[in-house]
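Chemist: The structure follows.
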Amino acid sequence: MGTLVEPALLLLLWQSVWALDIPLEVRQPPTIIKQSMKEHIVDPKDTMVIECEAKGNPHPIFSWRRNGKYFNVARDSQASMRRRSGTLDIYAKNNPEQYEAEYQCIASNEYGSAYSNKIRLQLYRAPVWPREILEPVVVSAGLPLVLSCDPPPGPPKPETYWMSSSFPTMQAVRPDRRVSMGVNGDLYFSNVLINDSVADYCCNARFPYKNVIQQKMPVVVKVLTTQQSAIGAAPTWLSPTGSSSSILVLQGEELLLECIAAGMPTPRITWTKDGEDLAVTSRMKVKNFNKMIQIPKASFDDVGEYTCAATNRLGYIEHTITVRVKAAPFWLEKPTDLILAPEENGRLVCRSDGAPRPTISWSINGEPIETADPQPNRQVSGDTLIFRSVSASNTAVYQCNASNQFGYLLANAFVNVLHATPRILGPRNELTKVIEGSHALLDCRYFGSPVPELRWSKYGQGNLEGNRFKTHSNGTLEIKRIRIEDQGTYLCIISNIAGRDENQVRIEVKEPIIIVTKPQSMKVMRGTDVRLECGVKADITTPVTTNWLKNKKISLDESNLVITNVNRGDEGNYTCVIKNELDQKSASAHLMVMDRPNPPTNLELSDPYERTVRLSWVPGDSNHSPITEYLVQYDDDDWLPGKWRNLSTYPGTLNSVILHLAPFSYYEFRVIAINEIGASRPSRPSTRFQTSGAPPDVIPKNLKGVGTWRNNMEISWEPLTYREWNGPKLKYLVWWRRRDSREEWKNATTKWLKYYIYDADTFTPYELKVQAVNDFGMGPESPVVIGYSGEDRPIAAPLNLRVSDIESTQVTVHWDTVTRGSIMGELKEYKVYYWRDSSQLRWHWVNRAMKSKSFPDDVPEPSGTVTNLIPYSNYKMYIVVANNRYEGPPSNSIHFSTPEGVPSAPTSFRIQQRHLDSIYVDWDLPAEPNGIITGYSLKYQTGTGEELRVEEFPPNTTSFSIRRYDRYTRYRFSVAARTRLGLGEWHTEESPHYTTESNLLLSLCINTIGLVENKHFEVLNGCCLCVLVCLSVRSGPEEPRGEIPRYSYSDNCLLVGQKKTLEGIILRSDSDDSLVEYGEGGEIPFNEDGSFIGQYTGTRRDVRELDFGGSLELHSPMNTIYSLA
């Protein structure tokens, strides 16, 4: 049978050696194993339990003493003892106070009686402060004040603290140099200030047994102002009083030294010990602004005289506290159970100390040894009880009591005289696996009387002792720094005069775990991937497991840990734990995740002024990347909150800044922390804050004065924005006076953006200024600007209007200026009005619309050029002067004529194909001949780039015919008119693309129909024939059956309108490659002779294939039209 030895257990066994155990099956006196505390506090509302447990063979019988007398538990209806136990249960429904007493448990069997400590039972009583009405405490400012607490006593002693209440909040009183809370729970004011009367004060006590808090009725403090408070007072002692005092403290208890002084100004406290400056050690704490010294565990080194001194500018006092340290009894050597064989010798040692030194007394089974039956082989020698040649009569439980005036110690130790053969206790033939290099402990617990001799050997040979082997008194063999060669079987042998026993333990030595690759600490950015490696080498016969711990919690089971997309939650200590059944090794690394900062918290506003406020905040966690700056944002929109704007940035080392703001505005602030990673989330907004008002800072802009009538002036300006008001009820103070006059400034206040001055002279200059005004005062004045009153109509016309340098399209105009006074305002311009009265060609109609041109220059000999005139025309012209509102009377009108120029392009240029082998072109006169037409030039060229040909024509020839080389050649024609000054603008067209004879016939048909407007109506019979041709082309045999016809009546056939005009919509074929575009679609205009600018494409049909028979009736031209509908 094998067991696994845990390293922690081996270490424990190695550090402490077991004492000799007595198996419970061996007869023995009782031993107390569990009991209640000496001071035992219970709640009478619950079951009151006093514990007492003991062991022994035979099992002990229990009894109790109460206040030193036998307590008959069986006859008490409210008390009982638990089965096979001495634990006492008391159900005190009636009169629980009767059970407040001192109890002692006795466990007895035939071999002796063991006694427990004396247990003092105390009842817990709910602490109740007496309901009392506390009168207000009236004190003058500058005097000391002590507010007593006097909490209920307990038990146990309560913890006290003070609260100050100012409706509706309550907060703890913060101690400072002036205000202190004493050790006794009272509240001390070294001097009282006026502000101390703002709040009420109440003492609170927390009782630790039930964690109950009780509150005393609040005390109202009224502080009176006197002249004495300004004078001050020398120090006096509030606690302790007088010049000296003493404190007695027991060793190990808490020592508190306190000095609280009154005075005005508040005194400062200093300490000395035994005439020298107090040396503050690690065992000592100076608290409460140097008014208290706390020593948690007092020792004899703390004995001495402690002097506290209180000083202010008016005096100096001292108080000496003498500290004495005493000690309740404590153990130096506690008696232990003694097992002896008959005729053996032994002793019990009861050694203790204390201050004063304790008195030692012995008892046998609870009876004082002085009154017990004397035994010649038993002797008391001071703190030692000696036994010689013991016998069974010496078997008993012996009590040792060490006591002084501060307490007592009670110990039970039995003497058991018996004869027992040696036996090995615990499991046998164990297999123990250990790690090479560790300490191995081989257990061999045994018992026997007399005490057996013990010997360890390997494979039963020799005696293992010395060097790395050590045998402890409890039988355990310790092997230090075990090696591979130590593996094997070890034998434990015990023997005495009564017999012999042995047990073997087999050891297997395994190789230790070695972490080859340890995880490395990292500092990474949020969102990256992290890999932590943990390589290991271990014994091949002992499988290992790898666990990763994060902050001591298991995360997952893998040799290498991979964390993807790390965030702040992944930060922490990662520990790789490698373990097998014997060994465990670990290696740790810290993962630090850098991230954007956490947002600042606890935004507070303080020190408000009309234009500034202090903003403070608590910085958020920087997340391992230092905060470089803070961005403060504000929201000042009353109507649409949430529009945050940047105010300013501040260094990352600051957390309190002065903000510069606009007056009379509501603000909310928030702060964003920024580090190298990025910006934090915005903090929670601060409380809403309004700056106080101030006079306006801004000057109204764009001040100007303009007359709207001849005797007034409108003064206007741009308004201030609401943020620029700086206060309520914004108005504008307007100032004006005549320029270059000695009159005083006049002013008026208005809330509008305009102000009118009446009864002003015409076009008079005024000095103007304006300033904003609110309830807090007037803002700065604007710079003075010059404004003018209203203008009137000019009273004079420019004289001597004349022209020079007359060209075909422009002329130079000259005039004499008018006087400044006759303008009746500011000169804006001289304006020339002109119109084309007639053409020098008497038959040519002209547009007589009037035009104008302005000349703003005001020079002594003004002139200007009028452009965009039409050549060979007669013009009329006059001139006026104008101010900003009116034009003056016209000057005399003059006449001039423009010379000839070059003509514009000919109009209505048409290209027609009236026969299969010829093209006919004609044109009309130019829209603007600009002179006498002397002829026309015509250029034409085929689309294939043949030689350009030019034809010249006299003025009465406006048509030309050319013979085609073939039916498919296209021509580009350009025509221009000529005067004696030269050729004018060219008009260019391209001939249509006729691809089939049917299209040609259709063109001829259209040309014929076009004559209807000018010829006899009987020609409409030709239209019928053309329509039939269209229908035939549409329904030709080449059209596939079932397909949508390509042509429709609206597409290729012509409709006759009510005014004997014909319009058609022609679909252009996919083969159209025209070089010149004719319009952008829609209606196609026809010329007078029936030709049109356009093209037709379609299925080629021979006109000879058309069938004109059948049901076609041509008796009436109208019938044909109706039949088409």
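In case you wondered, yes, glycine gets a Cβ from its N, Cα and C as well.
A quick note: this is a predicted structure, and the numbers were derived from the prediction, not measured.
Checked TrEMBL, it gives:
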type   : residues : note
DOMAIN : 30-122   : domain 'Ig-like'
DOMAIN : 130-220  : domain 'Ig-like'
DOMAIN : 235-324  : domain 'Ig-like'
DOMAIN : 329-416  : domain 'Ig-like'
DOMAIN : 422-508  : domain 'Ig-like'
DOMAIN : 512-588  : domain 'Ig-like'
DOMAIN : 599-694  : domain 'Fibronectin type-III'
DOMAIN : 699-792  : domain 'Fibronectin type-III'
DOMAIN : 797-901  : domain 'Fibronectin type-III'
DOMAIN : 905-998  : domain 'Fibronectin type-III'
SIGNAL : 1-19     : signal peptide
Chemist: Average the per-residue pLDDT over the domain 'Ig-like' (235-324) and send me the rounded value.
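Modeler: Mean pLDDT, the domain 'Ig-like' (235-324): 93.
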Chemist: Among 30-122, 235-324, 512-588, which stretch has the most Cβ pairs under 8 Å to the domain 'Ig-like' (130-220)?
Modeler: 235-324
Chemist: With the domain 'Ig-like' (329-416) as the reference, which stretch in 30-122, 512-588, 905-998 has the largest tally of C-beta pairs below 8 Å?
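Modeler: Highest pair count goes to 30-122.
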Chemist: Under DSSP, the domain 'Ig-like' (30-122) has how many residues in helix, strand and coil?
Modeler: 7 helix, 50 strand, 36 coil
Chemist: Just give the helix, strand and coil counts over the domain 'Ig-like' (130-220), going by DSSP.
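Modeler: Per DSSP, the residues of the domain 'Ig-like' (130-220) fall into 4 helix, 38 strand, 49 coil.
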Chemist: Sort the residues of the domain 'Ig-like' (329-416) into helix, strand and coil with DSSP and give the three counts.
Modeler: 3 helix, 52 strand, 33 coil
